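Participant: Okay, so TrEMBL annotates it like this:
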COMPBIAS  793-809  compositional bias 'Basic and acidic residues'
COMPBIAS  823-834  compositional bias 'Low complexity'
REGION    787-840  region 'Disordered'
REPEAT    52-98  repeat 'WD'
REPEAT    199-234  repeat 'WD'
REPEAT    379-410  repeat 'WD'
REPEAT    606-637  repeat 'WD'
REPEAT    662-693  repeat 'WD'
Amino acid sequence: MAAPLIETCYVACCANRTPNVLSWGRSGLIAFGTCNSVAVYDPQEIVIVTVLNGHTGRVNTVQWVHRDDCGPETELVSGGCDNRIIVWKARDGTFSQSVQCCGHNGPVCAVDSIHLDPDGSSGLLIASAASDSTVKLWVTRDDEVDCLQTISFGSGFMMDVSLTLLPGSRVPILACGGDDSKVYLYVQRDGKFEKVHSLHGHEDWVRGVEWATRDGDILLASCAQDCLIRIWKVFAKEEDGGDAQDADAIKLTEDVFEVQRNGSCTRFAVTLETVLAGHENWVYGVHWQPPSCHAGGSVVALLSASMDKTMILWGPEEESGVWLEQVRVGEVGGNTLGFYGCQMSPDGSMIMAHAFHGALHLWHRDPDQEREWSPGVVISGHFSSVQDLSWDPDGEFVLSVGSDQTTRLFTPWRRKDRAKVTWHEVSRPQIHGYDMQCLATVGRFQFVSGADEKVLRVFRAPRNFVENFSNISGASLDQLLASSDTADLPEGASTPALGLSNKAVFQGDLMPQNKEEEEGFGSASDQYTESYFHPLTLTEPPPEDHLLQNTLWPEVQKLYGHGFEMFCLASDSRRTVVASACKASKAEHAAILLWSASSWRQLQALPLHALTVTQMAFSPDSNFLLAVSRDRTWSLWRRQGPAHADSAEPAFSLHAHTTKSTSVHTRIIWACDWSPDSKFFVTSSRDKKVIVWGECGPVEGGEESGPVAVTPCSSILDVGDSATSVSVCPVLCPDHSYLMAVGLENGKILLYKWRRMTDPSSGDDWTKCGETDNLARSSTSAAFLSRGLAKRGHPEAPDPGRVPRDISNKRSAARPFFLRGSPFRPRPLLILPARPGPSP
């Protein structure tokens, strides 16, 4: 079998901002919702195994269907904002859709499921809660689904549901936690679920409920916004008259209900086991230790996650049986808002939480000390739309910016004890107060970024990052320091409490760890220093709290000149010029500004286009600047002077352009790129066309007197959908043809080979090589990166209830995704950062 043309090596993503979006299976795999997809993650290998695509809205809840024999699960249930529930089945290691449950009139916020038979042969019983104020019960058999029952709660909402079987029977019991501070219990009688009790005690919304089995009884844990966790016990009531003998004993209140089974009536009692108070903020998630982790069901532990940024592992004391806090982990500081949910590994050695901003937090238990836990390495990614990215000149790492107001740096982690290389986020150079829109690298360790603030900011890597980057990526530290002009590099950076600019922290600014003990505080200001940076030596990718506070890059310059929000950036390979453009609805605002990469002063303004310039690209030899625009035209600007001269302050003049009458494209031109030999450039448009133009070269007789004519040199390629991105491989094919990647609005990336022919009208100059599979097509709101081939993406998925952005509005122009090619690595390498949907 031939090797695939495109191989996915990395998926950068994070969990959606919903409480029930993550589930840890007994097979060791973690499933979580990311944007409109379900990602299946292996925490041991630290890689995304697969991405399941089927939902058309944000995935809100994911749950493995646990087996009675505690074996590896083969079914997975997910629900989303598309009002649907999807059951996924694993066959031979491959997941596929089994059934879809359609019937809710609002987004599904919680699901749970159990097998109808012990061997799992007769199907599933599924419970789902949605924002339409209903809980629905579904039965699936042989890839068919029936809605068994709909339970309406009027104007109330159920935040979570949980299913299990009553002790000693196959009778299902359903627990629902609602916004009225109550937990409702339903038991199946004659095929229908009937309410048997409502549990009172919580004083605010019940956020999570989950069943567990212990010593023949079942326990229900419920957590709420009153910062408390309540554990309820359900057990079979004995009919032996023992109550009369123990009339004087102190007992907890018991609520009794009856269940008919096999022609006999069994009485069950519900009582409050304990109340756990330890969190200082809303408790969003509870999770029982998986039954496969303990012998005979005699040991039980409960994990809870809260908005106070902590997780607590609770357990009963052996002698007294009193529930006590055993372990508390979490994060300190940082611009975060706490944890949404928690899960535990099947063997109990790892615990994980997902935070408000989508980040995953993992802790490992020390095998020698039960109460010692340490942070572990996990994947990460943007929690909102990825807007732009740029490779470093040597292709060793990639920088990305997104609407989550962060800039992130990803690089491979090369470990001596493992041959396999995994990619990770190793730095978060910029944490901003505006949505990020664009960036461009200038050299190896310097970049320019633009946001919705009309200002460009220049950042330079600190010394501590260069040292840690060398440790993690395996690059030579001496070579890195030689390439980054380290004579005046600061140690790190910190952000003032009321500022957006990262302030450099030099060696003399660092406060010794024991300064307070040695010298004491001389004044009140000494107690609250501005610098929160502390240099650390890292040999593995940093955890989330370290990324937030200790990996910033200092800001070295601000560039003012644009009148509206930034939209695109480009830099030349000589590290001399940076071009920028902003959103515009008039010609006076659509001018391209050129900046000196050494002095950072404005060199030139290039007015021509009438609307927003959507993308720019310098030719590999730095002699040309290409720009495409919403006005359906492109412009080509030529560097003045000798082609080999590196002028300190270069100037550009108009070399060629199209007009409304000469433009081949009939819709907005989204993207452009150059061939590696700088002879041809390619454009892609919303009109589904991809066109190669050229040939571009030096003008005979010296300087040209005016614009020249540059015409299409290829046939028009119709890719079948809006072509929102394009990139040319920086390495020629063996037959001297050009390999191109085209990104479509539906999420696909297509590969084409183009060879110049004398008569391109026949269309034989284009040859389709392949396209990405379902793993690459994470959703219509995903951003794709490719190394040696491609990058860049697609407009943000519309948020229900929010007015879509009007492309004609100068302050809210639509955004495509982008494809960027690594300038160094000849081997194709595909990286996909899944783009989570907008917050609720």
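Using the three backbone atoms N, Cα and C, a Cβ is placed for every residue, glycine included.
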Participant: Taking only the residues in the repeat 'WD' (379-410), give me the average pLDDT of this model.
Facilitator: 93
Participant: Using DSSP, what's the helix, strand and coil tally for the repeat 'WD' (52-98)?
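Facilitator: Going through the repeat 'WD' (52-98) residue by residue, I get 0 helix, 27 strand, 20 coil.
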Participant: What residues in the same chain, six or more past the boundaries of the repeat 'WD' (199-234), come closer than 8 Å to it by Cβ-Cβ distance?
Facilitator: 19-20, 159-164, 166-168, 173, 175-179, 181-185, 255, 268-277, 279-289, 291, 297-298, 300, 302, 304, 306, 314, 323, 341
Participant: Per DSSP, how many helix, strand and coil residues does the repeat 'WD' (606-637) have?
Facilitator: 0 helix, 17 strand, 15 coil
Participant: How do the residues of the repeat 'WD' (199-234) split into helix, strand and coil according to DSSP?
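Facilitator: Residue counts for the repeat 'WD' (199-234) by secondary structure: 0 helix, 25 strand, 11 coil.
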Participant: Could you put numbers on the helix, strand and coil content of the repeat 'WD' (379-410), residue by residue per DSSP?
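Facilitator: Taking each residue of the repeat 'WD' (379-410) in turn, the totals are 0 helix, 16 strand, 16 coil.
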